[in-house]
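Note sheet for the following structure.
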Amino acid sequence: MGVTRRNFVKFAIGGVAGLHLTPLPYKLMDDIAIWTQNWPWVPVPPEGEFLSVKSVCGLCPGGCGIQVRKVDERAVKIEGRTDYPVNPGGICPSGMGGLQLLYDRDLRHTGPMKRVGPRGSGDFMEITWDEAIKTVAERIASLRKNAKTEALVSVDGNSKGSTLSLMIERLTKAAGSPNYVRMPSLEDTYEMGNLLMMGNNGPMAYDLENSDYVLSFGSGLLEGWGGPGRIMNAWAVLREKASKGGATVVQIESRASNTASKSDKWIAARPGTDAALALGIAHVIIRDNLYDQQFVSNYTSGFEKFKTMVLGQYSPEKIVDITGVGKEAIKAMADGFARAKAPVAIYGKGKGTLNGSLFEFMSVQALNALKGNINKPGGIIISDPLPLATLPAISPDGVAERGILTPRFDQAGTNKYPFAVSLINNLIDVINHSDKSPVDTLLVFSANPAFTLPDSGEVNRALKKIPFIVSFSPFRDETSFMADLVLPDHSYLEKTDDIVRPNGLQYQLYGLTRPVVKPVYNTRSAGDTIINIAKAVDTKTASSFPWKDYESVLKIRAKGLFDSGGGLVRYKGAEPAWKWKTASDGPDYKSFGDMWKKIKTDGLWYRKLMPSAIDSGIFKTASNRFEFFISQLELAVKDYPTAAPGGNRLKELGITVEGDAAFMPHYEGNHHHDEQLPLTMAPYEMVNLASGWAPSPPFAYKTIFDDQLLGSDSFAIINPGTASEFRIKQGDYIIIQSKACAVKARASLSHGAMPGVVYMPLGFGHTAYDEFIREKGVNPNLLIPPGKDPLSGHPVWWTTPVKIMKG
Amino acid sequence: MLPFCFEWVWNVDHIIFFGLLYTALTIVATCVVIAAIKTVMQVFGFTRQRHF
Amino acid sequence: MKNSAEKPSSIVVAAFPALGRYVSKGGWLCFLAGFVGALFLGWYVFPKLLYSSQPQPFNFSHKVHLEEADDPEDVESCLNCHAFRDDGTFVGIPRLDKCKECHEDPESPLGDSDDEATFLTNYMAEKKEVPWLSYSRQPDCVYFSHAAHVKMGEIECKTCHGPHGGSEVLPLYRENRISGYPIGIWGERISGLKTNTWDRMKMDDCAECHTEKGHEENNACFVCHK
Amino acid sequence: MDSKLLPEGVERCSFGMFILWMLPWLAILAWGGLAAVLCLVKGLNQTNMSNVFAFALWIVFDLGVIALGAGAFFSGFLTYVVGKKELKNIINAAVIIGFICYSGATAMLGIDIGQPIRGWFIFWHANIHSMLVEVSFCITCYLGVLIVEFVPIILENRKLDQIKELHIFGHNLHHIMGVIAASGTFLSFFHQGSLGGMFGVMYGRPFAARDGFYIWPWTFFLFVLSAIASGPCFTIICTKLTELLTRKKLVPDNAIQLLAKVSGWLLSLYMVLKIADTLVWIYDIAPRAGFKFMDFYREGPYGVWMVAAELFVCGIIPAIMLMTPKIRENQGMLVTACLLNCTGIILNRFVFIIVTLAIPVMPFDRFLSYLPTWQEWAIGFAVIAYGFIVFSLSYRYLPVFPKERELNPIAG
Amino acid sequence: MKKEHDQGKYKYGMVIDLDKCTGCGTCMVACAAENNVSVRPDESDKQRSISWMQVYKADNGKEFPEAETVYFPRPCMHCEQDGRGGHAPSCVSVCVATATTLDKNTGIVSQIYTRCIGCRYCQAACPYKARYFNWWDAYFPVDKGLERYLSPEVSPRMRGVIEKCSFCHHRLMRARTKAYADGRRKIKENEYITACAEACPAQAITFGDLNNPKHKVAQLIKSKNAFRILERLNTKPKVYYLSSRDWVRKIADNPVDEFSPISG
């Protein structure tokens, strides 16, 4: 018969007919359907046993309680803890996305690294831990051998009083250097101001939850100020009270921030005029006799001088001119504040990851003193530091002793900056103004100065001059890209570390993070690394670090909590920890061993709010009173010699007013006026965009609006009126130029912006990290030229004269 | 969807919709099959075509 | 062969001469060959091609492990190893920790068979989970709560998994090359027909059971999909 | 070289010339093919569609060509069901145009969905309450019908016609064409309506939402009416274009005039209803949802001018032109009227798709506009190119116009 | 016969207090982390990025310094009706492949990714823009390690399908499974809340059964400050908002004349 076309057709027809009587067509159809539903490249998360591990968030000093949901060894979700007093259930967006910071390989240093590319390129080669530690130790040992130990400088971004901070300072000192430099923070301003006015640099807190009138001078309550977990909860408490007519929040800020928009009253004062406004309010309070006369006469000194100054120089008429706030508004705030039962005037600038202005803070603090709301419910709370045990003193050898006594590079604590503890901006200046960097080896811990410090152009110039930089950052941040050696720390989800009293918390609380997962990469806890380095330097240095590991140091310090008696290690949530108590709680543990075990599983030790009474000696000034007229400042001016013969001490300290006012909270005036730069650039912060050391998790970029970031451009917010003067429309490219630099951004027009001010978000413009974060927007820190806050010596970053043009 | 599918519901909506649909399909299919059969018949000589 | 094939065609040709042109040269035979070939292909060759088979790491005897149980098919017997966790989730194939409970006991006589030796040396000693191949693995889009079915629904394990408490040898693991499903989901029969409740594990089977038991509300999509 | 394949007794250009004519269309088709491959392999991120513009250029093309393809079913209806014999001279062209439009649209829809290989779930797991299911079922079924209608035309090719079996089969298919046309009319009627229904039932979009009769919003009926009013016009345009390109008269005037007349009357009926519908929308539906008429046109390029263009310039004016015998008998005016009519229908579909999606419903949301990427344009133009190719091939090799030989006798 | 499941008709809903909401975005992050939502390198392409819970920003339209901002967190509204009285939301009634349905027992609108063919009709039908299309495959580059945080409780999506808020339905299943294991037929009220409600640091989101008059959500929606977005469309969303500010309540719906919802 042969294979003809006809026969083949018949064969085919028969075949097709036959096939339809087999399961093949519908089975294939079913399988193909399934195939199209399970593409092999779509990840399938493995199933397993669900576990929940309790810990504490370590991304910011807020110290929120977190519980991590795990599937076998994988962490799959971070949630807030309801059994933690700081944040009953909620956490901030960054904390929520923390797992991306744990797992994203391109965000992390996956092991000890040696730089192979040029500085800033991020090209590293992985080395062994032994080699890394040996390299650092040899470097320090050689400085010690050559008696140049002061050339070892460490920069620390950990919060003050944390054990890791102590260890870093200890290593620096034990090696023989006085140059332990801290990153600036709002806490520094609080501490300095309180030391001057109250003689007490103990932790200060604002008792927001119990307050009924919150007068906020620029604090980004909803932008991440203090611990966002706690503050947002406090906000809910205040809103709940407000809905029953029992609480008012007034936000003083030039921009309609979230806090301003959400508060009961938004007062738009010109940036940098908070001191004038506070003193204007004080004027009305004193004029109308609304202040707490009993407190003022019993517990303050210098009131008469203060009264004279305020009544003489800060009349509402004058304040209107300075601040742009109406007379009625000033009167209303004075009335509201003074007539409230538990008012509090709080001071801050954005999140508080950078310093504030000292005289502004003191002016605001004067309001609190007028109302006498110190250590009273709803007021400001000054308390003792956590009763942690102190570590044994270091035993420096001759080399170290010599080194420690050399002057600090940043001049903090010298006659020029008598009240400053640490001034990293000065360190940058010193390096940039020397031919050869006086700093030989820089150790950077939990900080990203190359990105977060104002005037970041200068910072990067200084970093480039430093011969050897060692970064301990777990993240591939800008500063670590400048480093020659990276000894990556664990992330906060992989290590045990303490959170010593979260920022701004009224009651005493000690938090402890725990390893939620086994280390994902070849990293080591920085505390352990420090001990290892010290041991490798030489025996003398090693003798200051007699511990097996970091955890034993933590345990030794925690013993102090036990020894202080009382305290609780379990929180039930029935009664908030900020409720005022008259009798002390607990303890709810049997022995120190029991306490430590419980702290390690539940991550907390705390005492409910029980501040010391006002007459129990919290004012440790010369007069043992709250000083409106600051005697210590008078002393520093009158008794200390001037730098140059015949010089003016006040001028040297940066104070421009004269007479008694110079020693009291006062408004310094605006000295920035410049015809060429008619506008003001004010950086602002957002709760959903990290602007500090730890990066934003990529998740958080979902929450950024596209009029804040679009593609690779960030936006500067401008009032539509101002924009029209420059013929700028929504979305236009603009060039913003200051003395320091010119940057390109896009314009976002908003009626929430004060005319004449350009607002730029902090946190964009990264050049490191990975594709989620890198090359998005511009960092306003680039624009900020060097400038010093009077008396404190900290940088002035909140206002920068600029001009704009269409770009 | 065929009536023995698990998502099938015996309600008015389904009956009307699929009723009409399958009717239309059946009509078209039947017509084509008839034309095919007629062709086969004529080609094979079972019947005589009218205009050929 | 040739004769028999031509026979029917010659009858047809005799009856309808016009057909002759079409039926000659074994045309029917071609059709028939195609037809039968397709049947053979669809019913016999296709299932062979469709499934790949893989050996399990070693043999496991349910019978041996259930020797002391009164009824090897009883839910409680199964739950000894295929247990529920505290949060109600189901362990599925037990992990090494579970095996350890008995196999680490120095007093029980162990190491009887080669398979057991494999287990003890390659997995137990190495602390390595046994990479068992699951016969009833559902795709990622499926959510299945054993607690709802076993604890609330009081359905026996064998209703879906079939009786295998007395089995001494693990069946050969076969996997669909296209869909990647184990053969048990569609069922051993290529036709897809089933006689027992455990013969198939497709969505229709879930829905059928829900409906039969009067739980049509559980045919809502999100009950079984995630 | 292909002379054996050409219909008998007609003149066709040389094969080389024909290839030359086809080349640009093939190039566009290839360009579209490349875009299609990109979209299928890399996904729909190749387009500028977004979560706001879920439907975009392709759907406008789809709805446009399907509406214009309505000439096929409506002419079929008039020819086989109503019995207008004069239309037999144009029905082949109408069927081919319909086939092109529907197959092109179906292919485009295949690329438009996110998981094309799962496309058949529409049929297997149909949700019968969805207008789009009705559309899909009817379009595929009707595409089948069109194929059945197209096959006998193909079988009339000189070479194919020589095969006796095919000749008989083609002949038999012709016999059942009445029934096929009737069921085609039924299917087509429903999906043209459902296409309108698709938008009318988006009750969350006050710009598109309409009340209606039973399960069908008024747009259902308006879309049917507008499709049958414009479809014949499109058939006329295509025929006239062919006549222009071939420099021959292909269809007797009476067929064209009949179609134009019917179109005119249907269009005027449609305009009456459409204006009534617009008024109800302005004064009832929009305010009920909280919108004033002008709220819809606050921002963006899509202004009130579109309403004016759709209703007056591309609606009432062509309707009057087509209804007036004097005007429509003028070739230039006829083509102008047809073009206006077709433009109006495309504009209508554009408004229902793009403008509906561009207008935010939530008051604090914002207006967005959309520009297609080259991939989207390429696929759109490829469908047009495909149309030219199929129609050119058909014209060259099939006796599409039965009266061609009569109207253009070859000398000698 | 013994009933294996609780047959009670639940109607899960949400109340978001806009006075408390600070616009911080934690709900968005919590949602994305809980539900394995893909994060792309460029999340500023808002028209194509996916966020089941989206925070919208609105202002009162006044000039400096009277300008005020409000944030509307917008999950899927899980509408009860289509706006013309049909007892399924418009996204459900338009879905071609029955990939999305309204579960009458929970009031939750489901979305089955393996069923969805990606025609996007539901997106066009939803006035709240609550539905998101996967324009890309989920972004989990090989060796980046990000797939390690994926939760097995929610299946990751392939490109070309729609996804949307599910009211964390898997958490309901989690709670049910736990209850069954404990021998309980019904779950306790506090056992099932969504990830966003749980995460909100200002406790602005309350989630629960609207049919239970004793639950806080049922009480909150009776407040004079309670409203829903686009109430006039009559889609009967199950997400309510609270605000003491008049202008906020006003801009939640399109403002023609007085408020009077169309009958349905």
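Cβ coordinates come from backbone N, Cα and C, glycine included.
According to TrEMBL, the protein carries these features:
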TRANSMEM  D:20-43  transmembrane segment
TRANSMEM  D:55-78  transmembrane segment
TRANSMEM  D:90-111  transmembrane segment
TRANSMEM  D:131-155  transmembrane segment
TRANSMEM  D:176-203  transmembrane segment
TRANSMEM  D:215-237  transmembrane segment
TRANSMEM  D:258-282  transmembrane segment
TRANSMEM  D:302-322  transmembrane segment
TRANSMEM  D:334-359  transmembrane segment
TRANSMEM  D:379-398  transmembrane segment
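Tertiary proximity for the transmembrane segment (D:20-43) is limited to same-chain residues at least six positions away from its ends with a CB under 8 Å from its CB atoms, namely 13, 111, 114, 116, 374-376, 378-386, 388-389, 392. Only pairs six or more apart in sequence are counted, and the transmembrane segment (D:215-237) with the transmembrane segment (D:131-155) gives fewer than three Cβ pairs under 8 Å, not enough to call it a contact. Non-local neighbours of the transmembrane segment (D:90-111) in the same chain are 36, 39-40, 58, 61-62, 65-66, 68-73, 75-76, 79, 119, 139-140, 142-143, 146-147, 149-150, 153, 232, 234-235, 238-239, 242, 251, 255-256, 259, 379-380, 383, 386-387, 390-391, 394, 398-402; each lies 6+ residues outside the stretch with a CB under 8 Å from one of its CB atoms.
Contact between the transmembrane segment (D:379-398) and the transmembrane segment (D:258-282) is not supported: fewer than 3 Cβ pairs lie under 8 Å, counting only residues 6 or more apart in sequence. Between the transmembrane segment (D:176-203) and the transmembrane segment (D:258-282), the number of CB pairs under 8 angstroms, six or more residues apart, is fewer than three, so the stretches are not in contact. Here the transmembrane segment (D:334-359) has long-range neighbours at 52-56, 59-60, 63-64, 67-68, 196, 199, 202, 205, 207-208, 219, 226-227, 229-230, 233-234, 236-237, 240, 256, 260, 263-264, 267, 296, 300, 302, 306, 309-310, 313-315, 317-319, 321-322, 327-328, 367-370, meaning same-chain residues at least 6 beyond its ends whose C-beta is under 8 angstroms from one of its own. Residues 47-49, 84, 87, 90-91, 94-95, 97-102, 104-105, 108-109, 111-112, 139, 142, 146, 149, 177, 181-182, 184-185, 187-189, 191-192, 195, 223, 226-228, 230-235, 258-259, 262, 342, 345-346, 349-350, 352-354, 357, 370, 372, 376-377, 379-380, 383 of the same chain lie 6+ residues outside the transmembrane segment (D:55-78) yet bring a C-beta within less than 8 angstroms of a C-beta in it.
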